[in-house]
Each structure stands twice: as C-alpha cells, then as structure tokens.
Amino acid sequence: MIHNKLLIAGSIILNLVFTIHILYNNTSTWSPTWTNRAALEAEAAASVSCSGHGRSYVDGLGVLDGHKPCECHDCYTGKDCSVLLKDCPVDANSGDPLFLEPFWIRKAEESAVVESGWHRMSYTFNGYGLFMSAELEKIIRKLHNVVGNAVTDNRFIIFGAGATQLLAASVHALSQTNSLSPSRLVTSVPYYNLYKQQADFFNSTNLKFEGDASAWKRSERNDDIKQVIEIVTSPNNPDGKLKRAVLDGPNVKYIHDYAYYWPYFSPITRQADEDLSLFSLSKTTGHAGSRFGWALVKEKTVYEKMKIYISLSSMGVSRDTQLRALQLLKVVIGDGGNEIFRFGYGTLKKRWEILNKIFSMSTRFSLETIKPEYCNYFKKVREFTPSYAWVKCERPEDTDCYEIFKAAKITGRNGEMFGSDERFVRLSLIRSQDDFDQLIAMLKKFVSKEAVVVDSI
C-alpha cells in the first residue's frame with residue numbers, strides 16, 4: 001500500500017517537473033523554427049514594390065524558377081509595372097473589392113496566417129463529422145453583434161464557398177420537390193444577374209425563374225402557383241438601394257441577400273431579422289478570392305437541407321479558407337470594426353464625391369440618387385456610398401448605354417443583364433485606386449465632349 005502511494009507521489013512530482021519545464025521553455029526560450037522560411041518567402045514577395053502599380057505574390061507566375069515577378073494593375077506594364085499604357089480601356093465591370101487592399105497592407109502583421117503542412121488534414125473538425133470551425137462561427141456572431149446589421153440569436157449558421165454557393169443551396173432548400181408545378185423564383189428589377197444565370201444553368205424541374213417580383217404580383221399567372229421564392233437584395237446590386245420584400249402570403253419564401261449590408265456601402269438602419277440571410281467575406285473584408293460566405297437560417301428543416309447541399313457539392317468549405325477568414329475577422333472586430341469600416345467608408349465617400357461632381361456637369365448622363373439615412377453603426381445621418389454607379393443615358397438616341405460607354409473606352413455592365421433597360425450601365429467603384437483613377441480620367445475626357453469644363457475636379 002505504501003509502495004503504491006510512493007509510486008503515485010513520484011508520478012505526480014515527475015509530471016509537475018515536466019509541466020514546469022515545458023511552460024518555462026514555451027514562455028522563455030521558445031523561438032520559431034520551421035516558420036522562418038515561410039515568413040521570409042511571404043515578406044520577400046510583399047516587399048517587391050512594383051512601382052506601386054502591381055503586386056508580387058508567393059504563388060505568382062515564375063516563382064518556381066526563383067523569380068518574384070510583378071502582376072501589374074490594368075493599364076500598367078513593364079517589369080516593375082512603371083509604364084502606363086496610353087488610352088487604355090478601363091475595366092469598370094468587375095466587382096473586385098480591392099479598395100480595401102491598402103487597409104490590409106497596413107495590417108500585414110495582424111492579418112498574416114502561417115499554417116503547418118499537417119494543418120487540418122482531416123475532412124472534418126475534431127473528428128466529429130463537422131465541416132465548420134466552431135471558433136469562426138463564434139466570431140461571425142460577434143461581428144454581426146458589433147455592426148448591428150443582423151440578428152444571430154436563434155439562428156443556425158452554415159458556411160459556403162461564397163454567397164454564390166449559398167444562394168444555390170438556399171434555392172434548393174426552399175424549392176418544392178415532387179410537385180407538378182415548379183417553384184417560381186422572382187426578385188426586384190434591377191436585379192443581380194447571377195440569380196437568373198444560376199436558375200437557367202441548373203435548369204431544375206423544381207424551379208423556374210420568372211424575373212421581376214412586382215410584375216409577377218400583378219400577373220394572373222400567380223394564382224395557381226403553390227410556392228414562390230423571392231430574393232430580396234439589400235442594399236441592391238446594382239443600384240445600392242435598401243430593399244424590402246414585394247410579395248406576401250403563405251406560399252412565399254424569402255432569401256435575403258445582405259452581401260453589401262456593411263457600413264462601407266450603406267447606413268445600417270436596422271438589424272436584419274429574417275428567416276434566411278446571406279453574407280459574404282468578399283464584401284465584408286474584401287477577400288473575394290477566398291470564396292467564403294455564410295447564411296443565417298431560422299428554420300432547422302431549411303438549415304438541414306442547405307447543409308446536405310453543401311456537403312454533397314463540396315464537403316464544406318476549405319479548412320484553410322476558414323482559418324484565414326477567422327484571422328481576418330479577428331482583425332476586423334478587434335476595435336469593434338472602427339478602423340476598417342471608417343477606412344472603407346471614407347474611401348468610397350471620396351470616390352462618390354468625385355463621381356458626383358463629374359456627372360453634375362453632364363446633361364447626357366445621370367446617376368441614381370438615394371436619400372441619406374441615419375446609420376446605427378456610425379451614430380449619424382450619412383449618405384449611401386454604393387459599390388456601383390447605376391448610370392442612365394438620358395438622350396433619346398442613346399438607347400444602348402453600355403455601348404456608348406464602351407466606345408469611350410469604359411467597360412461597364414449592361415443594364416439589360418440586370419433585367420432593366422439598356423439605357424442603364426453599371427460602373428464598379430470598388431476596384432483598386434489605379435482602376436478608379438483611370439475611370440475618372442476617362443470620364444472627364446468623355447463628359448468634356450459636352451463642352452463642359454471638368455479639369456478643375
């Protein structure tokens with residue numbers, strides 16, 4: 001008996017010695033070993049200036065040969081991106097949110113992620129069959145609480161490869177199956193063209209895209225339809241307006257696309273409290289290439305159907321992507337979002353001021369205007385600063401606004417793609433500063449042909 005007690009006491013003492021040794025070494029003498037090469041490689045690529053008109057990346061073309069080449073911004077060329085091409089066509093079509101890149105350059109240390117070669121090799125987290133990071137789910141709930149743009153209490157959260165995959169999962173979950181009549185998908189004009197493109201591409205017997213929600217409401221065709229799915233995009237893409245549902249009734253289901261409902265783009269007027277809401281990292285932090293989004297879902301049956309869709313189509317979202325999203329969102333909420341949201345809002349506010357000044361001198365083109373509203377996040381009345389300018393060609397002869405701008409070497413997106421009139425064109429304002437500067441230069445030249453002086457802008 002005494003012998004056993006001595007063995008137990010000896011074991012406890014030995015464990016204490018080992019524990020103290022480990023803690024002492026970890027806090028006093030530990031130094032990085034295997035991360036050195038990765039850190040040096042990342043910093044070496046980031047240190048290449050590319051004349052301020054491009055970027056060098058760890059995975060850039062030529063790195064396998066030991067080169068760190070520059071990837072130049074549009075309209076710049078040369079080995080170091082120092083050559084500006086004359087009369088280069090401007091790309092105002094893409095929704096790449098590169099306007100936030102300067103913020104993340106400032107936050108290089110806080111936002112950096114280094115992972116081991118054996119990081120999350122399993123299909124699931126913790127061996128419990130879960131495809132989602134519990135910590136990432138926690139921080140998403142904190143983010144919405146900080147911003148005040150969505151209710152997360154009593155909501156399930158599901159991750160997807162951007163809002164694009166989540167949209168498909170949502171439509172699948174809400175569509176009727178084994179019905180003689182397919183569910184109808186509607187939204188308000190102008191609408192994000194992906195809604196129609198996805199419905200047409202998947203060509204499901206359970207779903208049919210019907211276009212404008214208001215037109216559908218007035219139509220006699222809706223009398224015998226058992227289920228309608230309305231997508232409510234707020235703020236709306238392309239015109240930036242806050243939207244509410246058009247349809248009502250027991251046979252209507254809703255998908256609320258809140259990808260742009262962040263203080264950069266819109267006043268936060270209320271906490272969204274919906275059955276199914278979609279968000280994306282792309283428009284939250286600017287990291288479109290990470291392909292990460294999430295849905296807030298009230299009903300468990302809908303959540304389960306969406307979870308099955310995500311599981312069967314991709315077995316969840318990349319674990320590496322989830323790690324990066326976690327680190328980025330930790331930076332965002334570190335100061336309550338104050339720094340990034342003020343930076344993003346300030347950048348877009350300045351861009352809109354320049355744009356409004358140019359178009360105010362034109363009678364040929366007009367911009368969509370939205371009345372300022374009180375923002376619960378910034379605690380003040382503020383203007384809308386949407387991602388895109390929704391431009392109308394006012395002259396009767398200018399029937400195709402997209403082609404009018406394209407002839408002036410500005411490529412936007414045709415209004416017809418949004419279910420609207422061809423007299424409209426969408427111009428992106430969220431790309432890099434170089435892209436915006438080139439857009440403004442071309443717009444000045446274009447508007448100046450109306451014999452109005454714009455050089456002072």
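Numbering starts at 1 and runs along the chain as displayed.
Here the Cβ of each residue, glycine as well, is placed from N, Cα and C on the backbone.
Just so it is clear, the model here is predicted, and its values are computed rather than measured.
The transmembrane segment feature in Swiss-Prot is assigned to 6-26.
Sequence annotations record features per position, and here Swiss-Prot assigns pyridoxal 5'-phosphate binding site to Y123, A163, T164, N237, D257, Y258, A259, Y260, S280, L281, S282, K283, R291 based on similarity to another entry. Summarising the environment of S282 (pyridoxal 5'-phosphate binding site), the number of other Cβ atoms within 10 Å of its Cβ, over all protein chains shown, is 22.
For K283 (N6-(pyridoxal phosphate)lysine), the number of other Cβ atoms no farther than 10 Å from its own Cβ, over all displayed protein chains, is 26. DSSP assigns K283 (N6-(pyridoxal phosphate)lysine) to a helix in the three-state reduction. Here Swiss-Prot flags K283 as N6-(pyridoxal phosphate)lysine.
Proximity to K283 (N6-(pyridoxal phosphate)lysine), judged by a C-alpha distance within 10 Å, picks out none of the binding-site residues Y123, T164, D257, R291. Most buried of the binding-site residues T164, S280, judged by other Cβ atoms within 10 Å, is S280. In this structure, Y123 (pyridoxal 5'-phosphate binding site) belongs to neither helix nor strand by DSSP; it is coil. Within 10 Å of the C-beta of Y123 (pyridoxal 5'-phosphate binding site) there are 12 other C-beta atoms, taking all protein chains into account.
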